[in-house]
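*Asks:* Relevant sequence annotations retrieved from Swiss-Prot are reproduced here:
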BINDING   Met41, Gly190  substrate binding site
BINDING   Arg117, Ser163  ATP binding site
Amino acid sequence: MNLQDIAKIREVNPVVVNYANFVTPFLVANGLNAVGASPIMSDEVSEAEELVQLASAVVINAGASRKESWPLMNKLCEAANQYQKPLVLDPVAVGATQYRKALNLMLLEKYHFDVIRGNIGEIAVLAGIDWQTRGIDAGNGTGDMSAVVQACAQKFKNVVIASGEVDYISDGQQVITVHNNTKLLPAIVGSGDLLSSIVGAFSAVAENTLDAAVTASLVLSCAGERAAAQLDQQNRPGSFLSYLLDELANITPEQVQDLMKIGEA
């Protein structure tokens with residue numbers, strides 16, 4: 001991990017193309033802008049290849065996709081692989097319906113995703129491991145989270161992030177844990193979507209994908225902790241969101257270094 005990538009993003013301003021979940025584009029766009037990236041979103045298939053060519057990374061959020069949108073998703077993924085741009089998948093609620101499961105497995109079969117970011121329930125579904133999921137929530141599974149994440153990374157030969165109270169991140173060999181957190185982050189609908197897109201931004205500047213995933217996790221969670229501290233940990237999610245964007249825009253490598261709590265599972 002190289003925390004100087006926090007400053008590098010602000011210098012490079014990588015363009016991140018997002019196939020966005022219609023629930024959260026405001027948060028994702030503003031969060032990406034805050035960390036120093038340049039977000040762009042589109043629902044037009046005819047411009048997909050051109051957008052990917054100018055992009056530094058592509059993020060696919062499968063949370064609210066209609067079959068009519070499959071050609072656009074396919075074109076974005078195809079172009080990302082063709083032009084060797086980092087490609088991130090957020091398989092929102094993949095275990096909730098057969099439709100969502102089929103869509104995500106189709107994408108993973110046809111294209112190589114450098115990173116998959118989901119909650120532990122979503123990651124377990126993709127890995128083929130039983131877990132009690134509940135909609136977009138992780139559910140109450142009792143398995144070994146590090147083993148689930150590692151198995152998924154090995155299956156798809158990429159980096160996998162299971163975000164939650166503790167973030168588990170694996171490249172199939174090692175499992176890194178990030179223990180920074182605040183109860184206010186999950187109170188913001190789309191905080192996971194934002195993390196997926198921030199991973200895309202760091203993938204554009206980091207030396208390797210695992211470093212990008214760990215740094216992105218640390219940046220969002222440490223910014224969240226700093227934002228919550230300004231509210232004295234009160235349950236004020238609306239105010240927290242404003243402070244979170246401020247912290248994402250101003251957090252420094254040194255501040256993350258001082259706050260970070262990482263380990264290996």
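Including glycine, each Cβ sits where the backbone N, Cα and C put it.
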*Asks:* In Å, rounded, how far does the Cα of Ser163 (ATP binding site) sit from the Cα of Gly190 (substrate binding site)?
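*Replies:* Roughly 12 Å, rounded to the nearest whole number.
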*Asks:* Taking the Cβ of Met41 (substrate binding site) as centre, how many other Cβ atoms lie within 10 Å?
*Replies:* 16
*Asks:* Please list residues from the chain of Gly190 (substrate binding site) whose Cβ is under 8 angstroms from its Cβ, counting only those at least six apart in sequence.
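*Replies:* Sequence-distant Cβ neighbours: Asn21, Val23, Thr24, Leu27, Val28.
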*Asks:* Return only the integer: C-alpha distance in Å from Arg117 (ATP binding site) to Met41 (substrate binding site).
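*Replies:* So the Cα of Met41 (substrate binding site) lies 19 Å away from that of Arg117 (ATP binding site).
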